[in-house]
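The compositional bias 'Low complexity' feature in TrEMBL is assigned to 173-191. Here TrEMBL flags 199-223 as compositional bias 'Polar residues'. The domain 'PPM-type phosphatase' annotation in TrEMBL covers 1-140. Positions annotated as region 'Disordered' by TrEMBL: 172-223.
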Amino acid sequence: MLYTANVGDTRLILCRRGKAIRLSYDHKSIDKKEQQRIVKAGGIMLKSRVNGVLAVTRSLGDNYMKNLVIGSPYTTATALTKDDSFLIIACDGLWDVCSDQNAVDLIKDIDDPKKASSILCNYAISKSTTDNVTVMVVKFDTEVFNYKKSNNLSSINSVLMMDTDTIGTTILNSQKDNNSSNKSMNSNPNSIDSKLNEDNNNNTQDASNRTKFNQWTNNNNGNSISDLQNSAISEKIDKSLVNSIGLNSQHSITEAAV
């Protein structure tokens, strides 16, 4: 299954048997339903913008208009098949000058997703788009769909979601290759979970160190530098936290904390 959720005007296009299938909804101020929702919520549409400011009617952030520009997403759930070739994710800098089907036609014969994303980005620029352009192309591995029976769902998910060899991103006219930084993670599907567990353990340890440090500062409030240094060593207080209060300077904890 492919699950999508979007707010704003970034568009997701699935290529199935060479045909473009839109998996997102453009939350723009020109949309009649969105206009009605904005007005009903107490806003106005001015120069095709919400309150004359924002061109999108839904987004993450923009808290100063949170009663009007909401973050409720449009969602889809699509069962992927062997007929699905790739997914295009791009901002409106592309879609302002390119139709869904045209985008699919431009790259459907391109195997390299990085090259495909660059082609779409350059096409938008050649059509004099007036907006910034970000394009991502995700190629689906057909071997996943030929693999009929498997108990190892994580390995399938790693191909669909994590393999950077099947993902290409272009921002404006430049490509960013993340293969080297993610290589070790892709080689082992379980390494994602290991990394998350490691991060959780580190966060727990950091919280424990912080609690111990806070207790130590309360107990030693106003002590001299020499007393603080000796106490920090004997009680094994985390060095980075001790340094954060400027213990190397000639001040007590109270003065340093202030």
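Residue numbers in this text run from 1 along the chain shown.
A Cβ is built for glycine as well, from the same backbone N, Cα and C atoms used for every other residue.
On the 0 to 100 pLDDT scale, the domain 'PPM-type phosphatase' (1-140) averages 94 in the predicted structure.
Assigned with DSSP, the residues of the domain 'PPM-type phosphatase' (1-140) fall into helix, strand and coil as follows: 38 helix, 42 strand, 60 coil.
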